[in-house]
Amino acid sequence: MSYRELIFTVAAETAEPLGDALLDLGALSVTVEDDAAGGYDENPLYEEPGLSPEVQAWDRSAVTALFNPEIDTSGSAEFIPELLASLKEVGFNLAPPQEKTIEEQDWVRLTQSQFSPIQIGERIWVVPSWHDAPNDPNAICLAVDPGLAFGTGSHPTTHLCLLWLEQQSHLKNQSLLDYGCGSGILAIAAAKLGCNPVIGTDIDPQAMVAARSNADINHTAVTFVLPNEGATELAAETKYDIVMANILANPLQVLAPALVNKMKLGGRIVLSGVLARQAEEVIATYSQWLTPSVWKESEGWVCLHGTLNQDKQNTASTVFAAPAQKKF
């Protein structure tokens, strides 16, 4: 079976209402993307919890609709003109769309083929659970099945956190909290590098399912808890040698007092999910408790780190908030 894919190029303000109209006219699915994606003029849009993007679509948005060919009862040649006429009746005067035929595929196999083992630093390998591990006796292999959770190791923010962990020389028996853990990849890596105990938390129940499954696959002792479970691992009096949060700049700032409150005196914090242009603002927020700095930059993203100062330890809030979900 094949599907009919139609791609309309429209202005930002037209994208969402056009998508709704196409669904009303029988589209199986609709996606909106940057028409310049992959090119020089590509314009990233980021939405963070508590902070909406300045615009909701791109100046030139590609609206892609997928149709079942069986909906075309009037013959192939008439389908697009009739669709355009129907759209015109509800206020859309559009040029004919690009058209493609999408063949039915084994979508699971296709998706899996897009993930390959990733080497990070000298020793860490992120290996999809359906791939064989590399033949390297010194490799620290992280078998990951992301499911619906963020964290496959391919994104620069995750990559930076893993690289930070690999380059630390004294992790044995250091306690670590992975805040907003997603697939659990950072917590699992920390456990394999010697951290103990290791705790991961995320507001998303699907992330907990993926993270616990990944911990089992990797034979690692990591505890994953939801923030509303009342776990002692998240109690105000429980502190950690390392607090790691790979979320986004706005929630990192909003949750700064709670994150700092989870740090032991002299403990370290690692913050990722921050664009290079946002680094100064995040650093300013955390400077009331520690002296944060940019540890490393990759593809426009930065990883920040810092150590809790003794004279500022008591200024952090004791209220521990739920981690924000990361959206990509």
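One-based numbering along the chain as shown.
Note that Cβ sites are derived from N, Cα and C of the backbone, with glycine treated the same way.
For the recorded site, Asp202 (S-adenosyl-L-methionine binding site), the DSSP three-state label reads coil. Feature annotation from Swiss-Prot assigns S-adenosyl-L-methionine binding site to Thr158, Gly180, Asp202, Asn246.
According to DSSP, Asn246 (S-adenosyl-L-methionine binding site) is assigned to a strand segment. Binding of S-adenosyl-L-methionine is attributed in the record to Thr158, Gly180, Asp202, Asn246, and the widest Cα separation among these residues amounts to 15 Å.
Taking all protein chains in view, 27 other C-beta atoms sit within 10 angstroms of the C-beta of Asn246 (S-adenosyl-L-methionine binding site).
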